[in-house]
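A.B. asks: Please see the structure below; I have some questions.
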Amino acid sequence: MKILLSNDDGYKAPGIQALWHCLKELNLHSELRLIAPDRNRSAASNSLTLMEPLRITDHGDAIYSVNGTPTDCVHLGINGAMDFQPDMVVSGINAGANMGDDVLYSGTVAAATEGRFLGKPSIAISLCGDQHFETASQVMLELFKNFHELPLDSSTILNINVPDIPYESLKGIQITRLGKRHCSEKVVTTQDPRGNQIYWVGPAGQAEDASEGTDFHAVENGYASVTPLKIDLTHYEMQAVLKGWFENKAL
């Protein structure tokens, strides 16, 4: 199996390095390539770089960095910039959760989404903290060992979130749906050294829907959550309402 690894924290980030070394040391008879941003590009979502050139830097040992977004990285990695055609894409391990509404902003999930767009089964994995990357690596490894039994095709993305706890404390894996966060906190305002007003985006909101069956609930209770995602934002329930409304309007 040929696996393309990417992330949004950058190619040197501890999460992607932990997963890279775990997979290499355990030798799953897989061919690996790592292509990730040259710096932290968290919350880049599905953005592509269109107005400036992209450059790939070869760091040896099949590790590459790109002066672009996570989506750029996967796009280049699959679409002809490298002599490598992966069987699947894995994005992560992210330092921090990607649950609920986070998936709309997440560069980690976006890298997996690009893999899906380009016809590859894709997985995004995040650690809900920044300490126990070995726990998330082990969860990912167990999935790889059983991948031949996993009915994952290119229309589905698996979004995995792992509690930041030792592996022996993990209770198991739950299949979940996305929860929901409250709105983000207000922006943080301050001044730069020259006295100019500057702003920082506020923290993500707390969980609003963390009921049983959600990713929030699973992680809070010591389980890794696995949420299957699809890319269809259509609000089907509203279609009939809008049809009825527009039928009575003259254009």
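A Cβ is built for glycine as well, from the same backbone N, Cα and C atoms used for every other residue.
Pasting the relevant annotations from Swiss-Prot:
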- Asp8, Asp9, Ser42, Asn94: divalent metal cation binding site (BINDING)
A.B. asks: If you count, for each of the binding-site residues Asp8, Asp9, the other Cβ atoms lying within 10 Å of its Cβ, which residue has the minimum?
C.D. replies: Asp9
A.B. asks: Across all the protein chains here, work out how many other Cβ atoms are within 10 Å of the Cβ of Ser42 (divalent metal cation binding site).
C.D. replies: 18
A.B. asks: Can you name every residue in this chain, apart from Asp8, Asp9, Ser42, Asn94, with its Cβ inside 8 Å of the center of the Cβ atoms of the recorded divalent metal cation site?
C.D. replies: Asn7, Gly10, Ala13, Gly15, Asn40, Arg41, Pro70, Ala95, Gly96, Ser106, Gly107, Thr108
A.B. asks: Within 10 Å of the Cβ of Asn94 (divalent metal cation binding site), how many other Cβ atoms are there?
C.D. replies: 31
A.B. asks: Taking DSSP as the reference, which of helix, strand or coil describes Ser42 (divalent metal cation binding site)?
C.D. replies: coil
